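S.K.: Please see the structure below; I have some questions.
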Amino acid sequence: MINSLLTRLFGSRNERQLRQLNSIVAKINALEAELQKLSDTALQAKTTEFKQSIQDGKSLDKLLPEAFAVCREASRRVLGMRHYDVQLIGGMVLHLGKIAEMRTGEGKTLVATLPVYLNALAGKGVHVVTVNDYLARRDAAHMGRLYNWLGLSVGVVYPGMPHSDKHAAYGADITYGTNNEFGFDYLRDNMALSKADRYQRGLHYAIVDEVDSILIDEARTPLIISGPADESPDLYIRVNRIIPHLTRQENEEAEGDYWVDEKGKQVHLSEVGMERAEDLLRQAGILEEGDDSLYAAQNLSVVHHLNAALRAHALYQRDVDYIVRDGEVVIVDEFTGRTLAGRRWSDGLHQAIEAKEGVPVQRENQTLASITFQNLFRIYKKLSGMTGTADTEAYEFQSIYGLEVMVIPTNRPTVRKDYPDQVFLNRSSKFNAVLEDIKDCAKRGQPVLVGTTSIEISEMLSEHLRKARVKHEVLNAKQHEREATIVANAGLPGAVTIATNMAGRGTDIVLGGSLDTVLAELDPDATEEDRFRVKTAWNRRHEAVKAAGGLHIIGTERHESRRIDNQLRGRAGRQGDPGSSRFYLSLEDSLMRIFASEWVQKVMRLMGMKEGDVIEDRRVTRQIERAQRKVEAHNFDIRKNLLDYDDVNNEQRKVVYAQRDELLDAESIKENIDSIRHEVIDALVTRFVPEHSIDEQWDLPGLQATLQSEWGLHLPLIEMLKGREEVDAERIAFLVQDAVDKHCAEREASIGAETMRALEKHVMLTVLDQGWKEHLATMDYLRQGIHLRGYAQKQPKQEYKREAFELFSEMLEHVKREVIASLARVRIRSEEEMAALEEQERRQVDTLLRQSQFQHQEAGGYGTGDEAVSLQRQPAGQRAAIAQVIRDTPKVGRNDPCPCGSGKKYKHCHGLVT
């Protein structure tokens, strides 16, 4: 109550901040008349003046009013567009490192020019992040005219561009690209073998367009660079053949072999189903006759393949979750409806779907490098974003990214009418109503945009409209090359456009059609009279569409997130234009069936409804929104859970990547190598000659043999120590260190100091990369089973952190040993031979990167996805056994003395076995 009273008195936080920014808007406006008097040359010279001021210590905040005023005046002269006051506010919000929520049609692309120009003056690079390559190239070309006029360089990065071009793009003051490309290049840079091979010059400032799509919707999709593994794909094909012989249950209690939990997106084998699957697998020769259980240790790979095949058949539908094109399974983005060429699901799911569809099955991939978007964008020193719908996710932006959301007022009041949802008993009644609404709009000359959740529905609607002879366009993943043309014409009188989800996002639908597109189609020799005639015709169309009610939005299904529904609605009513929206729902829709059907069915029964009847009630809409809020909260928990686990990986990633950067930047790492060598030798000697031990416990022959096999060093220790009294472990360590140092000095003298320095760097980088790659695979295995610790009354997250730390420490120790051993074994005779080795390694990395793929990993696991499913499918006896794991002796630490009494550390004795 007190809060609401204070808000009424002083305004909300958003309103108070807007008032503060309005005072700066007044300063910018006061400079406008003066700047308009300047010549082009004088205005362009302001950029050089600003750069000098920054070098002299002036802050960007102090420069902001004048820099924004200069950018606005330049935009007016070059682009013919002058920033409104609300756009100036949006620009300031972005500069302050916040998220600007701006409605569709408010000119977000133009708003971004203000903070981009200001921050690019610092010379550290600004990244403008878009959702697809088309928008990146379009905006770079269009806004590049303004930046170039002001003396700033612009680059754009996209997949497959030449190495030198990408270097130049990142060297520009402003770089446009997609979130995927910036992320991939960050990972590639951390696989580079020299400074010259790196693209990026640090992550300084990023403006993320459609920030909700990238930082929320895609936050469960880690970027993964992966290479093909060695396993044969044949097992996927053989396992796929048995799935049609298994029967799906209606629910958990019904008869059958497996049931599908749509809410949790899981598939469960019943007890009967497990026995049936075992029989079928034996008949197919996949399980041997003697195998007593599918879940025996030797059959874990078969379980992995069976789980993947069940999910492929039961949860993933063709033309909804993926399409088959040119003999390949291509993922369809659930949020945008676009195809994600090059992306692959992980954990064998993509291969299982390929086997299901009868296309060539590609090998599974091994992770080489990975990062989540959450951790990628948190690396930037300053981050901001803009979107039409962020306020519903304000808490997540603040808690995960530290980004505050500010709602920017519209330039003109919004007059769009949002009609209540219409709810039907079944899908056929719903789609009949949708078709009638479309036909009514087309008849009255009102353009209509129909939003669907899948390609399948968009094509079904298209077929019905074709039969009814209603002219229309379909915009989905299959037509994505024509996207810009379809969107440009979607505002024409009576135009009917069916769009999958939010395809076409980023391009405004202009009432009457796009004037720019029509003008661009004119002959280059067209006269002013021709242009005037085209503009007059467009004005007539524009007014006719406004009179018909503007753009009408039809939603054929509610999405899991209110934000995506709002994005669809937001396509209408841009810049004060008229418009309307309505959602048509049925009890058979996914969201209604899973989350809201029971309550609504109860209401429908009480009202005596039958097929074809409709409910149109605000209370139903509120109930649906309540269900959506539950789903949003659930999805947030999943993303937060992912981040908690990935933060562990991220700390390790930062250590490894910082080490790589030091290696690449250093002229010489001789001191590091010497230090590591002494450390490794100490550990080696301690392994065979433990400290404070008696000579009966020493293993001098073993130490001699190891020095010979791993180092190529013949050191007759036994002979050297014969007849000596008072010999202890410390003396032996000194003798070995001295011999190894002399051996290394001789090697360096034989090949030259410069070649040795290059060899040290090369070996250190190669071994570190290999160790990190193997560590990532180990961490994947740890993650997949960590939730089982809960059955032993332990906290999975704490266990994950503890074991991850131990694994990482062991990996670093292994890298040290391997570096020293490799340097001792490698035979290099000349500088030319060293250069050839480096070039060969570089070619291998290039080949690996060309073969690498972006896996669309479903990261909802860590005990909430496949891992939990595999446990639930196990026989009850096995589950109970897991729950009763109790340690009856104290755990032995890796560095504690081994309980066997050898005197060695546990990790060097029986710890090696475990």
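Cβ coordinates are placed from backbone N, Cα and C, and glycine is handled just like the others.
According to Swiss-Prot, the protein has these features:
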- Gln87, Gly105, Glu106, Gly107, Lys108, Thr109, Asp508: ATP binding site (BINDING)
- Cys898, Cys900, Cys909, His910: Zn(2+) binding site (BINDING)
S.K.: If you run the three-state DSSP split on Lys108 (ATP binding site), which class comes out?
M.R.: helix
S.K.: Taking the binding-site residues one at a time (Gly105, Gly107), which has its Cβ surrounded by the most other Cβ atoms within 10 Å?
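M.R.: The most densely surrounded of these binding-site residues is Gly105.
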S.K.: Let's check the environment of Lys108 (ATP binding site): how many other CB atoms sit within 10 Å of its CB?
M.R.: 23
S.K.: For the binding-site residues Gln87, Thr109, which one has its C-beta crowded by the most other C-beta atoms within 10 angstroms?
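M.R.: That would be Gln87, with the most Cβ atoms nearby.
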S.K.: What does DSSP call Asp508 (ATP binding site) in the simple three-state scheme?
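M.R.: For Asp508 (ATP binding site) - judged by DSSP and reduced to three states - the answer is coil.
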S.K.: For the recorded ATP site, enumerate neighbouring residues of the same chain (Cβ within 8 Å of the Cβ centroid of Gln87, Gly105, Glu106, Gly107, Lys108, Thr109, Asp508, site residues themselves excluded), in sequence order.
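M.R.: Not counting the recorded site residues, we get Met102, Thr104, Leu110, Val111.
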S.K.: Quick one: of Glu106, Asp508, which of the binding-site residues has the smallest count of other CB atoms within 10 A?
M.R.: Asp508
S.K.: Given that the record lists Gln87, Gly105, Glu106, Gly107, Lys108, Thr109, Asp508 as binding ATP, what is the largest C-alpha to C-alpha distance among them, in Å?
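M.R.: Taking every pair of listed residues, the largest Cα separation comes to 17 Å.
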S.K.: Can you tell me whether DSSP puts Gln87 (ATP binding site) in helix, strand or coil?
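M.R.: Once the DSSP labels are grouped into three classes, Gln87 (ATP binding site) ends up as helix.
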